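Please read the structure below before turning to the comments.
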Amino acid sequence: MSMTPKTPILDTVNSPADLKNLPLDRLKSLADEVRAETIDAVSVTGGHLGAGLGVVELTTALHHVFDTPTDTLIWDVGHQCYPHKILTGRRDRIRTLRQPGGLSGFTKRSESEYDPFGAAHASTSISAALGFAVGRDLKDENRNVIAVIGDGSMSAGMAYEAMNNAGHIGGRLIVILNDNDMSIAPPVGAMSHYFARLVSSQRYRSIRKLGKGVAKALRVEEAARRAEEYMRGMAMGGTLFEEMGFRYVGPIDGHDLDQLVPVLRNVRDGDNGPVLIHVVTQKGKGYAPAEASDDKYHGVAKFNVITGEQQKSKAAAPSYTKVFAQQLIREAEADSRVVGVTAAMPGGTGLDLFGERFPDRMFDVGIAEQHAVTFAAGLAADGMKPFAAIYSTFLQRGYDQVVHDVAIQKLPVRFAIDRAGLVGADGATHAGSFDIGYLGALPGMVLMAAADELELSRMVKTAALIDDGPSAFRYPRGNGTGIEIPDQIEPLEIGKGRIVREGSRIAILSLGTRLEESLKAADALAAQGFSTTVADARFAKPLDEDLILRLAREHEVLITVEEGAVGGFGAFVLHMLADKGALDRGLRIRTLTLPDVFQDQEAPFDMYETAGLNARHIAAKALEAMGKDDAAAERVAAALIAG
């Protein structure tokens, strides 16, 4: 249920220029209207809600004080950018967020001049902003560069690498630390209030205890001075940033425009050099359901604004993520060496369920994929059985560690690659397109792709038994097929696929969940008189050479199908067939992959339709290879639609 809010001030805002002369009282009212508009828009489209609501006042203040787009404003991750989009001329399209042909759910350079740098992954903003700042100085220009980064993103080493470099360069750069988890310090109105709360805190008492120990070794006066400096630095959060060459300002209340606006003006008009402003905010601010449960309202489906109830359809089958978690729990019950590692995505990867059962064996390392991989490598080297559950798109961030710390040392880290393939509304930045190619290139890697929930369970079991090197299994976002999973799961034979359907003229070799579409294509082809074999490869590495050579030998046409980019499974098959001389007799072979483009957001089925990987495309490709005309393909397509 959505009731369009009344927004008289926002109705007059077409660009940030319209905010410049607003007095503070009207600026506060504008922020309230932006918050109401954000809530209403996301209730219609779904998307990231809590983070955006937490930065409404900050966004309003930034566009009031700074001269965007002349001043460069970069949002880390970008999922909090909905208020920013509303204020930068995109309000008329805000209810197309994450829809086909609509606004991206993140910042996007091609969408607006107010998005100077795109994002969707964490911790990139300071590096990018420093690049803009250095470019500005080399061109002798006079403009501000601002990066807004959340405290969660500060858990990634890249943010500190950028700050270290920025402090060394010493140029003018403004970094705003949006502390929405209160992980560094609480908001303050006055220092006296702050220290009143501080001295009653466990943190202060721990530091005071430490101070007593120090006093035994130092003169009382010197000990007191050093303890005070240490306490203030730890509590206020500024010492680390100042040591890196930043002037530290804060913490300040990120929802109080009376504080935000003058501080931003002072920093804007202040001295050169890097500055960090520590702003404390609350996720979901101003919307009671989101304030009460910020984790459930981080990313939401369409919802009723009045009740907060999300409109989630009841699943007919469990999600692949849940199936993975349940099987991992079974493995951990049988083997105390099984542990789970995730990089700030316990809920998304299912490791929250594992952690409920085994709290001492689940490790959330924060937004730190590089560390996650090498941490898992260390666990493996010490005899544990780590499962690193990471989204395909985020595993890219730790690829050097996969190569250097895992593969070269032949350490048995098991990579559970969630969100493999196309993911829908989050678009290109979150697609799991490349892992088959970049993992399949590594010597000794065992790489599997699940066709359904039972196959995924068997792959978890198989990975748990691999102790002589790394392994990985990939599976998509969303629900499974509904296949029954028995209590006793049998492992797979390494490098062996399976024949799912026997035929004689055309062979379709599927890797992953395109198996269902491949079977539909085979039915349609058979109805037109083309007997079709369907095989599930299971393994992208090592390949089942015997199976593939048999398919090549006994059929006129061989089609490979995968939910991955060019240079993946199909390329591996072609390389093997060429090496074995199987192409010499004139086999007609085609590889169906994701297209060589970055696809924008659509519903998952529609994304695969655009990609040409649904049943009608598979059948059409087979008919093309058989030399049949378009009319035959049209008949098959019509049969599939009718079916």
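In case you wondered, yes, glycine gets a Cβ from its N, Cα and C as well.
The annotation thiamine diphosphate binding site is assigned in Swiss-Prot to His79, Ala120, His121, Ala122, Gly152, Ser153, Asn180, Tyr287, Glu369 on the grounds of sequence analysis. Positions annotated as Mg(2+) binding site by Swiss-Prot: Asp151, Asn180.
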Binding residues His79, Ala120, His121, Ala122, Gly152, Ser153, Asn180, Tyr287, Glu369 (thiamine diphosphate) - maximum C-alpha distance in whole Å: 32
Near the Cβ of His79 (thiamine diphosphate binding site), how many other Cβ atoms are there if near means within 10 Å? 23
For His121 (thiamine diphosphate binding site) and Asp151 (Mg(2+) binding site), determine the Cα separation and express it in whole Å. 14
Students should find that the Cβ of His121 (thiamine diphosphate binding site) has, within 10 Å, a number of other Cβ atoms equal to 22
Long-range same-chain neighbours of Gly152 (thiamine diphosphate binding site), Cβ under 8 Å, sequence gap at least 6? Ala122, Asn180, Asp181, Ala344, Gly366, Ile367
Binding-site residues listed as Asp151, Glu369, least Cβ neighbours within 10 Å: Asp151
For Asn180 (thiamine diphosphate binding site), just count the other CB atoms lying within 10 A of its CB, please. 23
Compute the C-alpha separation of His79 (thiamine diphosphate binding site) from Asp151 (Mg(2+) binding site), stating it in Å without decimals. 14
Determine, to the nearest whole angstrom, how far the Cα atom of Glu369 (thiamine diphosphate binding site) is from the Cα atom of Asp151 (Mg(2+) binding site). 16
